[in-house]
Amino acid sequence: MKAILATVISLALTTVVIGNAYYQKKQFYPSIVYLTNSNPSMAVMYLQAFILVLLVGKLLRKIFFGQLRPAEFEHLIERSWYAITETCLAFTVFRDDFNPKFIALFTLLLFLKAFHWLAEDRVDYMERSPVIGWLFHVRILSLLMLLAYADSYFIFHAYQVTASKGPSVQLVFGFEYSILIIMIANILIKYALHAIDSRWETPWESKAAVLLYTELAINFLKVLLYIGFVAVMVRIYTLPLFAFRPMYETMRSFKKAYNDVVLSRRAIRNMNTLYPDATAAELAAADNECIICREEMHSGAKKLPCNHIFHAACLRLWFQRQQTCPTCRLNVLRAPAPSPDAGPAPAQRANPAPAPGPGAVPGQAPPQAGAVPPPFPNMPPPPMMSWGIPPPPPPRPASLATLTTAELQRMEGTERRNIEARLQLLREIQAMLDASVLLMQQYSAVVTNLPQNQSTVATQTDAVPIETVETPKVKVKVEPDVVPTTSSHQSLSAPSTSGVKLPPVDTPELSSRDKTDTDAEELRRRRLQKFTMDK
Amino acid sequence: MAGSALRRLMAEYKQLTLNPPEGIIAGPVNEENFFEWEALITGPEGTCFEGGIFPAKLIFPPDYPLSPPKMQFICEMFHPNIYADGRVCISILHAPGDDPMGYESSAERWSPVQSVEKILLSVVSMLAEPNDESGANVDAAKMWREDREQFNKIAERLVRNTLGLPPP
């Protein structure tokens, strides 16, 4: 109703303005000159043109889209506001070229952009609706062809003008239409994928992967275009503020696409290396239904360490987001202890066994880390083990007779890795113990010398840090505990001679100079205790 | 065939139509778009919401069931776990890692194992037993704790409202 009213009013105004001009000047050319020179008349003409554009837009929308869904409409309005703001910013850069033709070109650009957005939303909608008729395909295809033609025409035009007359505002148009034509390519690819998918009876598993890589490539192209455009604009005109928001968004979506691809690849790799295929018997026991997609599982099902079974494709999509079992939320990346009712062989294979090894010695890459890659970057570190307790032996299958030859061989492989990991661990423990004994000796020497002669203490404490450097490599780990012990004495005699930040001195009994050996003994005992408990 | 999200939603719709849980009706608003559902929830018996029929809409993301749907009551609601605009705030509707109130454990979050039916059942139990620690509607939470009588009065008005009856 409002639209009709606006149309009628603007039509009436235009008639009045033109009639007035013709009435005053009586001839065609003078009336045109009069119209273009009078600001109020021009305002009315602009308004009329705007209304006409809207009407054409409505007509085209009716032809190509029919009724817009509320979500589509909201999306359109939201994007239009951004686009209009950016267009106004662009006007400021090119204010010298400001004329009706210039405004008309920008309006046309906005107009075409709006149809690109609508087409994109419509193609996304394909995935959501079970009923896609032939009319839908005809509309989308013809619209995409038309838009692609318009885009390429304007790119060509912009190229010609720039080549013949040097850089002008056509640079912006050429760039904007290039972005739009990339968008068309993206929409076409998506459309083709959805169309193929909807023809097939079985779900198309690699569609998600194809979409991921398309997204990555398209976003990469766009980022390149934006960077090139900004570089050219900075050289010729000034900083193109109006391109910054879309550029930032493109970069963000490129980063997201890249992360998605990385996560997806990781998920696939883990799927292939860590989890066994479910057997037919296991599938039957689990009702044959994949709880993620609620469909039957025939083949390609994977079993997690917690015995839950899913489609490999479904699981892969889920693992891109989260590394837990969808059913029981077991973190599949932590080396899980198989549940008591676990079937022996798969649990043994699925258990990323060496995890306790590298986990116990953080900061030192154990040699077997390459064999089973630490699967995800956000993996929480495995729980620290206290030094007193040896790492628990890997779970043993109930009976070796139930295993097939291949499973046995595979198990032997992991057994060997486990033993190697344990030996490595023991060697490291020994090195650390040697280092700590050495340190304790130095420490006791320092403490016994302390009350008698202060000057010797100073020299000896100076000597200690040098010693620590010379001790084996493993000792680096022990240092945080060693440095405070020596430096707490330095704070008595020669404060902060070393560059080490001093922790608060926690030995009040040391503050008195005349200490007996029993004090030192007590301190040593406590240090030792703390040492064994901390590590 | 169609996308996996669509197929799963169709499967759930079929399941809900064949074996409807008591007191719950749900289905797509329009069978051309399976990603917008409407649900009717009856107030649980023996609570202040007893007898009411509360309409709500469910909006599903394109990657359902990997991400949870959003649920919003379209009638007026007054409840500690429902925002003033009707959005429902329960942990089952939050993806792990997004915790608006900052206290939910990931064990009760969304996972693909959940379903529309489980969400609606959780909402029914939420109506019966509000969690007054989550402050989606702080006024309602405060009233639920301190002035239960007043809360019950408001609930009764809402119940009558949903049934099209004049307030008592």
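Any Cβ shown, glycine's included, is placed from N, Cα and C.
The region 'Disordered' annotation in TrEMBL falls on one of the ranges A:299-337, A:338-376, namely A:338-376. Taking pairs at least six residues apart, the transmembrane segment (A:102-119) and the transmembrane segment (A:223-244) share fewer than three Cβ pairs below 8 Å and do not count as touching. Confidence in the domain 'RING-type' (A:290-329), given as mean pLDDT, stands at 80. Helix first, then strand, then coil: DSSP counts for the domain 'RING-type' (A:290-329) stand at 10 helix, 10 strand, 20 coil. Within the chain, the transmembrane segment (A:223-244) has long-range Cβ neighbours (under 8 A, six or more residues past its boundaries) at 86-87, 89-90, 93-94, 167, 171-172, 175, 178-179, 182, 250-251, 254.
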